[in-house]
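Undergrad: Before I ask anything, let me first share the structure, which is written out below as structure tokens.
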Amino acid sequence: MAKENNNIVIFGASGDLTKRKLIPALYHLYANKMMPENFTILGVSRTDYSDDAFREKLAAFLKENEKVDEETLSRFCQHLYYLPIDPADSSKYDQLAARLETLSEKHNTGHNNLYYLATPPSLYGVIPECLANHNLHDQSNGWKRLIVEKPFGYDTATAESLDKKLHDQFEENQLYRIDHYLGKETVQNLLVFRFSNGMFEPLWNRNFIDYVEITGAEFLGVEGRGGYYDGSGAVRDMFQNHLLQVLGMVAMEPPAAIRSDSIRDEVTKVMQSFRPLSDEDLKNNLVLGQYTSSDVRGEHLLGYREEPGVAEDSRTETYIGLKMFVDTWRWNGVPFYVRTGKRLPTRVTEVVIHFKKTPHPVFGANAPENKLVIRIQPDEGILMSFGLKKPGAGFEAKEVSMEFHYQDLKESQLLTAYERLLLDAIKGDSTLFARSDAVKACWEFVEPILSYKEDPDSLFGYAAGTWGPEQADALLKRDNREWRYPCKNLTNTEYCEL
Ligand code: BG6
């Protein structure tokens, strides 16, 4: 797909996301010669900056936080512009239209516009309407695409109503719902790893797989985002989107082709096959937790309720662990244990496929199991463990492993998630963006959890720096299984480094 010249309009340009993620990503794409020949980046926000002040602020941030080349940075800044208007005020969009006209002429960018909604979610429905009021969504003269940040809705009803509003003005193929986990190289690799190798796919089903674990752990707490997080919680912040998307890639059927809709069709089918959670599941298979204060590696960590912006009696969950099922021929009866939480011992995201034991245990019941660990981050890689004869007398089996680390590849210069996703949106490739029906299916699945959060017995405490409430361990123990306790290093499970 071609990278056509275009204008990138960032709404919410004075905010954190623009500074921390979007501008660094665009700078790196530019420095690596991956941007189209002609482009502009127009920041739109209420704060009163001039073009120069906007450039200076971002350049200073980039110099302080990224590896930059002064000369490249100064050329990059010549593409940056700023328009101080209230993005919720439709009457001001005349100014936006006029500014885009001038920029298109000056930079020869044509009339292709990529709009990025990096604003508070309350504006996600408003901005598209304002754009449409001024015909800025019209594709008769150049493409118009809209990137919508997370969270996409607050529950099924709000997600549906937002979707409806967006579809009033834009076609589905103009909409790019970002889930930055899909931009991660290692998440995309799930697709290549599964479907480019003949040896795994025959085993990738209920006949050979005992259970699957998906972990998205973070050591960080809410980091000054208490105000947002307290109204969100782990279910909405990480589980409904990032982790269920990863599950979709692990459990999907092979796509007919490597094309956006073929891939997204298969992922969506998985989400539509999640077994609905019954009252029994909520009681027995779900663990919600909230971290309490603790001393970890010599540092005192605040409890969640002591964090700035968090209500003193907050019942918001910072941890969720769930045993769930995908009701398809391939996965019938195979439990997926999925967990995510803040203030866990380390930052690690991984998928673990646990294979069934041999039908007859000739080397004893304790013979090692076969495991495949697909590490999403950090120390990105793959680890396969299997049994081998322990040297010496007798026939005792011992667990050994083979591993691959991305950093060993020559081309280990991975694009960050935002670089990849921005580039794809510029090219018009929506493969790695969430489709409306998939988002809907995920909200419908988590809806019972959202109601269950109100139950006074639904929340357990866990000390910051531990692996969540003990009830989460019990959840697997009851099934004679246990979570893997991963560390920063893929192969290490002895102690956790940060
Ligand atoms: C964001 C969540 O979507 O993902 C954050 O809002 C979370 O709370 C972050 O920390 C995790 O992303 P990553 O890429 O660091 O795993």
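Every residue, even glycine, has its Cβ placed from backbone N, Cα and C.
Unlike curated entries, TrEMBL annotations are predicted automatically.
So TrEMBL has the following annotated:
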ACT_SITE  His242  active site, proton acceptor
BINDING   Gly12, Ala13, Ser14, Gly15, Asp16, Leu17, Thr18, Lys19, Arg46, Lys150  NADP(+) binding site
BINDING   His180, Lys184, Glu218, Asp237, Lys342  substrate binding site
DOMAIN    9-189  domain 'Glucose-6-phosphate dehydrogenase NAD-binding'
DOMAIN    191-484  domain 'Glucose-6-phosphate dehydrogenase C-terminal'
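Map these features onto the structure and tell me what's around them.
TA: Under the three-state DSSP scheme, His242 (active site, proton acceptor) falls in the helix class.
Same-chain residues at least 6 positions away in sequence with a Cβ under 8 Å from that of Arg46 (NADP(+) binding site) are, in sequence order, Ser14, Pro84, Ile85, Asp86, Pro87.
If you draw a 10 Å sphere around the CB of Asp237 (substrate binding site), it holds 22 other CB atoms from the protein chains shown. DSSP gives Asp237 (substrate binding site) a helix state.
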Undergrad: At 10 angstroms around each C-beta, which of the binding-site residues Asp16, Glu218 has the fewest other C-beta atoms nearby?
TA: Asp16
Undergrad: Of these binding-site residues, Ser14, Thr18, which scores lowest on Cβ atoms within 10 Å?
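TA: Across Ser14, Thr18, these binding-site residues, the one with fewest Cβ atoms within 10 Å is Ser14.
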Undergrad: Among the binding-site residues Gly12, Thr18, Asp237, name every one whose Cβ is found under 6 angstroms from ligand 1, counting any of its atoms.
TA: Asp237
Undergrad: Out of these binding-site residues, His180, Lys184, which one has the fewest other C-beta atoms within 10 Å of its own C-beta?
TA: His180
Undergrad: If you compare CA-to-CA distances from His242 (active site, proton acceptor) to each of the binding-site residues Thr18, His180, Lys184, which comes out shortest?
TA: His180
Undergrad: Pop the mean pLDDT for the domain 'Glucose-6-phosphate dehydrogenase NAD-binding' (9-189) in here, whole number is fine.
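TA: Taking every residue of the domain 'Glucose-6-phosphate dehydrogenase NAD-binding' (9-189) together, the mean pLDDT is 95.
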